[in-house]
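Peer 1: In case it helps, Swiss-Prot gives these features for our protein:
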- 63-172: domain 'PH' (DOMAIN)
- 182-217: domain 'EF-hand 1' (DOMAIN)
- 218-253: domain 'EF-hand 2' (DOMAIN)
- 337-482: domain 'PI-PLC X-box' (DOMAIN)
- 352: active site (ACT_SITE)
- 397: active site (ACT_SITE)
- 528-644: domain 'PI-PLC Y-box' (DOMAIN)
- 644-769: domain 'C2' (DOMAIN)
């Protein structure tokens, strides 16, 4: 037996009289895709079978993309290069070619890696360098992760529109695909590539090439034996049904078959009562017979079985591969938390040095960095403001070689993109190094560009001693900045040393700052001060304010070093402070390469605005993405009750005894990506590591053994167990690596989620890349048990 069953003894439920007949009819698995044969008229273009399954072969925009277009790639005012762009027949990728005499180079980008397709001059690059091309002829392809935007100009407006519409349709179709459809599409793509002479037949050499492409290092003798067993025509070529049979054997999931047969018995189909028993053993909330019947109607592929409320092995697999069968609780993927509590009661997704796309020494600044941050659910962005020419403030990392962008352009990007993913409020964290005149210009730009989005006065509230809620501030923009004291001179200069507010105390990290700039930063424009309604940037002087003088609008900014010191020395007091008002934590200025710190320690103490360098991928950003994966990815996650109570006794350094046992049996993986596509014989040796990130006493990591030369369907069957003291704060990170005995392991994929959103039972983990992009159809298959004391 593959793994221990945690089921009760049962009596086989009565089945409908037709069950045996239906079982016999549906026992044969649903057909897998295979290259078209001459009978279906597809020999000349076998790859189009994939687009046909997407229902797009007759779409005029897609057909135009298949023919290809000569588009101009725009990088600067003088760099406009023509490229041939053509959609590949798999519908998954776009091929483009440079026009270099004698040595044309070819490149590919994948549709699933596209974040957005914009028409017109809707990117920083086209606004700056696309003036020679009419907006109607221009488009921008924005990618996920760190890849730069692709700014293009078409020969005509109609051709540009075809690419905008075509890519939009392809993205929508890919997003709507079930896991089974993704797998079918993935197979089509590799079959098309492995069929070197495009004759819709597969020689043994082509089969070996296919196996290497999909990350399988199969023994030649075994591969040839399998090949010959499927070669019923005995002509050393597989075609049609023979290829289908080979793929079915390759894709066989014995571990799923075993689980299925535990519940279906000899009938080879699940009745609705049997499926209900499986759901109950899984620990599914709301498991009823009606729910089991609904799942059959949703995921069963065979119409005969569906009519008789029966589920075949294929339908069972489709259910387990669906979002409802995933480890992440599907009900947590929409906004499900109370959004009517004060802002201080939420973790808020926050970015540091948002304007940078690379390091903070010489990297470029870009408004596109803000667009990307908002696309990742960020709700608090940083604007590092300095004196600019012509009376216009600029944003860059001061006293470095980073490039500069206009403050007003960033505000416009906020207006256009801040609420495309989430309706909840955005906080603009101003690091202000400007004089009074340009501060007034900043205030003017904020008011005129943002208009009614900008919060300029306090809302009517039944409890003025608390911050407003995310629900009350939907669609609004808050400014975090210095606030003038009540008594001041008209020019904004009457600030005593005692009353002077600290902005981000980043000035202490920047010893190179000129004295003149420091003097400018101490002056506060009345116009800009008036906009800091709910987020007054203030030096943290005490964790014990007077009980009769609550100041919920004060926001303290701390370096990671100062925050860690407070956590160690005054853990519970810091927790209570963060239950009342906002705290922002930012990386040390010494992180010149824009590296990140682990945000978990700050979340443990209730810090809301834990700012990270979004431009730098790594486990720290994986944790951030995992924390904000739930609640509709809206950028706000309600803190646990122990971090919201003003009289909380919780201390992250002393969380108490273990309260939860987490057991995860790592069973198998499927279709892991190939790390080095340029080396056909390079196959991964995968291992799985599970990490717990929480309070210090809960942090742990364990890993499986590695499996030699199999990234296609490796098997482990190993159980990893963890004891947790504060499960409500814990994140679980699943990591797959390629084992290397002589050097650090290579990253393959990961997925991170809160323990509170982890479902029990047999589940799939859908892996993500370093940049957070889907690696579909790559998955882990695991069994999860959570025991709470």
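Glycine is no exception: its Cβ is also placed from the backbone N, Cα and C atoms.
Fair warning: this is a prediction, and the values are worked out from it, not measured in the lab.
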Peer 1: Select the range from 182-217, 218-253, 337-482, 528-644 that forms the most Cβ-Cβ pairs under 8 Å with the domain 'PH' (63-172).
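Peer 2: Stretch with maximum Cβ contacts: 337-482.
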Peer 1: Counting CB pairs under 8 Å, which listed stretch among 182-217, 218-253, 528-644 touches the domain 'PI-PLC X-box' (337-482) the most?
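Peer 2: That would be 528-644.
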Peer 1: If you count Cβ atoms within 10 Å of each one, which of the active-site residues 352, 397 comes out on top?
Peer 2: 352
Peer 1: For the domain 'C2' (644-769), what's the model's average pLDDT?
Peer 2: 94
Peer 1: Run through the domain 'EF-hand 2' (218-253) and tell me, per DSSP, how many residues are helix, strand and coil.
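Peer 2: Once the DSSP states are binned, the domain 'EF-hand 2' (218-253) shows 21 helix, 2 strand, 13 coil.
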Peer 1: Between residue 397 (active site) and residue 352 (active site), what C-alpha distance do you get in Å?
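Peer 2: About 11 Å separate the Cα atoms of these two residues.
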